[in-house]
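Participant: Shown below is the structure under consideration.
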Amino acid sequence: MKNCEYQQIDPQALPTPTPTPPPHHGKDTEKKKEPRRPRRKWEVFPGKNRFYCDGRIIVARQSGVLPLTLGLILVTSGLFFIFDCPFLVKHLTSCIPVIGGVLFVFVLITLLQTSFTDPGILPRATPDEAADIEKQIDNTGNTSYRPPPRTKEVLINQQVVKLKYCFTCKMFRPPRTSHCSLCDNCVERFDHHCPWVGNCVGKRNYRFFYTFIVSLSFLTAFIFGCVTTHLALRAQGGKGLVFALQESPGRYPLVICFFSVWSILGLSGFHTYLVASNLTTNEDIKGSWSGKSGEDVTNPYSQKNIFINCCSVLCAPMPPSLIDRRGFLPTDESAQTGSADIELPTLAAKSEINVVGSPFALQKSPSPVETSLPAVVPTQHLSAACC
């Protein structure tokens, strides 16, 4: 028997098999393999709002005359700084442009804060929560001869307050909450929808709105007084006021300020009264606590002290935003909405996937103090709040 000789084979010397390409099924297969981009909740927000900077900025879809407001402020202030300030600095003092500049910057900052801040939008009920509240409503009424009740009564500072049911948000509105028809949202401590700032005015941006109109009143009155002084100094040369008006471009901001200062001062005075009384424009117009309906009612939110009312409205801690607009959708819901481009807002987007709280904790009667929203929405959901 012959001896067998064995020789080790070098693996690199073997021919490398060519891999067989997988069958090509067209572009659909390639699209399925691509990972879907995670969608944020603001992309399917059910309200009529616009979002910018990846959801960081929220404004009303109907911006109103916000561009006109900005234009009037910029044009009037620009004409004042260009044509009136040099003359006044030369003949009076150099403090005039400094004061005007501080007021101008403050007005712009508060205007943008009012326009781009969440006014206090309440999240809508989820389908399960809506079904639960509908079941509770049906159980409380005799449907054989009348529809079930759509109001609830709570006690706040020994004052009975009725909570109305919102058919859009599918929940009982917390106290002082109203549904804005333009933005299609329930806003806590709803004051009014202001077209001049292009947003609702509510609990989270009312302080910015108030400081905006007050600072705008000071700026308008300051420019009006400075332009009048400028024209009076030019008219002292014996040429008369008519010649001074024709010669100086300062007549343009004078005209704008003359027609706007009265309305702005009146608006500032009205809101100062509301702040001192702890009222909202909506409550004042409806006469909720004025006894117009013949009932003996008082404002349960007033502290009976002007200073305390002003501090509670303007100096209270900023409440968190209750809509997690920058949060990510769950994977399954993101896949369902990822196949179609959703325009803000759409009817299909009204699945309450962006809700970050349950508005049904109001089933229990609140304590005899003003009901605050953290009592309505569970506190474990407030970690997602940001503005």
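A Cβ is built for glycine as well, from the same backbone N, Cα and C atoms used for every other residue.
I grabbed these lines from TrEMBL:
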type	residues	note
COMPBIAS	1-10	compositional bias 'Polar residues'
COMPBIAS	14-23	compositional bias 'Pro residues'
DOMAIN	162-286	domain 'Palmitoyltransferase DHHC'
REGION	1-40	region 'Disordered'
TRANSMEM	65-83	transmembrane segment
TRANSMEM	89-112	transmembrane segment
TRANSMEM	208-232	transmembrane segment
TRANSMEM	252-276	transmembrane segment
Participant: Across the domain 'Palmitoyltransferase DHHC' (162-286), what does the pLDDT come to on average, as a whole number?
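Facilitator: Mean pLDDT for the domain 'Palmitoyltransferase DHHC' (162-286): 86.
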Participant: Under 8 Å between C-beta atoms and at least six residues away from its ends: which parts of the chain pack against the transmembrane segment (252-276)?
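Facilitator: Residues packing against the transmembrane segment (252-276) from afar: 72, 75-77, 79-80, 84, 209-210, 213-214, 216-217, 220-221, 223-224, 227-228, 231, 284, 306, 309-310, 313-314.
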Participant: Cβ under 8 Å to the transmembrane segment (89-112), counting only same-chain residues 6 or more beyond its ends: which ones?
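Facilitator: The answer is 69-70, 73, 77, 80-81, 197, 208-209, 211-212, 215-216, 218-219, 222-223, 226, 229, 233.
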Participant: Would you mind listing the long-range same-chain contacts of the transmembrane segment (208-232), meaning Cβ under 8 Å and 6+ residues beyond its ends?
Facilitator: 73, 76-77, 80, 84-85, 87-88, 92, 96, 99-100, 103-104, 106-107, 110-111, 113-114, 117, 191, 194, 197, 201, 241, 244-245, 248, 250-251, 253-254, 257-258, 260-261, 264-265, 267-268, 271-272, 275, 313-314
